Amino acid sequence: MVTNTAAGTPPAASPIVYELAGITKSYAGQRLTALERVDFVLRKGTFASVIGSSGCGKSTLLKIMAGLIPPSGGRATLDGTPVTGPRADIGMMFQQATLLPWLTTLQNVLLPIEVRDGKAAAREARPRAMTLLQTVGLKGFEASYPDQLSGGMAQRAAICRMLVSEPVVFLLDEPFSALDEITRDFMNMELQRLCAAWEATAFLVTHSINEAVLLSDVVYVMAARPGRIAEIVPIDLPRPRTLDMVNSPEFGAYVRRIRERLDTGAFK
Amino acid sequence: MSTPDTARSDTVWVEHVALIDRIPRSLGMAALLVGFVLAWQLLCMSGAVPAILLPTPAETGADLLFVGQNLLSGGYVLKAAATTASEMLLGFAIATSLGIALGILVGETRFGERAVMPYLVAIDTMPKIAFAPLFVAWLGFGIASKVALAAFMATFPVVVATAAGLAAVDANAQMLFRSMGASRLKTLTRLKLPIALPYFFAGLKIAAVSVTAGAIAGEFMGGGEGMGQLIRVAAGQLATARVFSLIFYLSLFGLTLFVLVGWIERKVVFWRR
């Protein structure tokens, strides 16, 4: 059996980057628990996805992992230290590019550095940001304002903004779901290329089964009420993945397995 | 071979453009003005309204020129205009700074939102012009009572607009700033205030109109040396043509302030074209 990961290393051999142990979340005044005992590890250079219907707690999970909200119980550990708030070594992408319209593309990319470490640090990081923009094909657009960028270009700038802090883990909250399907496919291939080049550890929240299977080394299927991981599906397809693979029988089998698990979850 | 003629005969359905869309906008406006003046002239000629109550267009035009000359030559109208203009500008400045401060209090803090906002809404629903005699009683017949009334009337639109602007920040952008470890102050200055700017300027435009009303109402009530006083005296003497021309020049102030705010907005909020 071939075990190719995003970075080309077998998952079991690579070190643990992110660890969730018994993560539970319940909100005050609500009877239902949003998350119940979520455990998993992300290993260096692997791409993991969590998939589930709306309200299954996957966004809550991502926010806890990003240090944006505290869990009610359990522990999140990144790179050996517990996550107790937002951190520079966590990179995030959202459904919208959320570029600030009054900043140029370059200023937007440098924003995390500027907010965290000040203007001088942002100036120092300029060459790095320029290189990143070139990597994603936005060379020549540094001085453009966001309203001059297409949706796909804006998300590519958002990728640069995530990468500029050189994060240890990428947390991706349905980053391309607002794009049209053609652009989304293209961006997913771009994402795969970047993740391979960075040997990135990535965690994607999505509600597209195809997207999850196409990009991931492992897919966590979530069930709702309470939010929990119902099944872990390792994806054993060769890398690099191509859009053609979507039509292969192996791909279809993964999709079917995940869909069946999601269906039983939905009607339970 | 298709000539323009055959091409036209092939066309079976063409878009109909209404007449008003085919003539220049200025032409339509001019036509309406001519029609209005004509109707006005006819009304005067019909004798239905006593001449002392409604001046003819010609009389009004002549008086407009007279008052305009007085303004330009630095006569008493200019002095009155300067007084009213300074009341308006001072009132506008106070309304702007107070409006920003209260707007941030209401839009950014839970205390402001929950405890202060209901009172502001309650005061805003009052007919603020009714406070004019109070301001005169408190601050006297000088410029201060007019400035206060103008500021009082213009503050609320700025507060409401600023607060609405601060609330307009989308959840993703807030999450982005949280994930970057931005402090509350930094989130306010680098994200929320820029987002609020277009709303803030919309509030300023309303304020620009409100200060005119406030200053004049104050002058009606408490005398002074401004345009409101001139209008009151002219109306008392049934010099109706004069009232009209004073109102005309007065409205230019508000318009100037309004246009100025719009111009600054386009310079500052450059990303909203």
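Glycine is treated like the rest: Cβ placed from N, Cα and C.
Taken from TrEMBL as is:
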TRANSMEM  B:30-54  transmembrane segment
DOMAIN    B:81-259  domain 'ABC transmembrane type-1'
TRANSMEM  B:88-107  transmembrane segment
TRANSMEM  B:119-141  transmembrane segment
TRANSMEM  B:147-172  transmembrane segment
TRANSMEM  B:193-217  transmembrane segment
TRANSMEM  B:246-264  transmembrane segment
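When Cβ-Cβ distances below 8 Å are used as the criterion, the transmembrane segment (B:119-141) is approached by residues 102, 106, 148-149, 152-153, 156, 159-160, 213-214, 217-218, 220-224 of the same chain, each at least six residues removed from its ends. Sequence-distant contacts of the transmembrane segment (B:193-217), counting only residues of its own chain at least 6 positions beyond either end whose CB sits under 8 Å from a CB of the stretch, comprise 84, 87-89, 91-92, 95-96, 99-100, 103, 107, 128-129, 132, 146-147, 149-155, 157-162, 164-166, 168-169, 173, 226-228, 231, 250-251, 253-254, 257-258, 260-262, 264-265, 268-269, 272. Sequence-distant contacts of the transmembrane segment (B:88-107) (same chain, six or more residues past either end, CB-CB distance under 8 Å): 113, 116-117, 120, 143, 146-151, 153-167, 188, 192, 196, 200, 203-204, 207-208, 210-212, 214-215, 253-254, 257.
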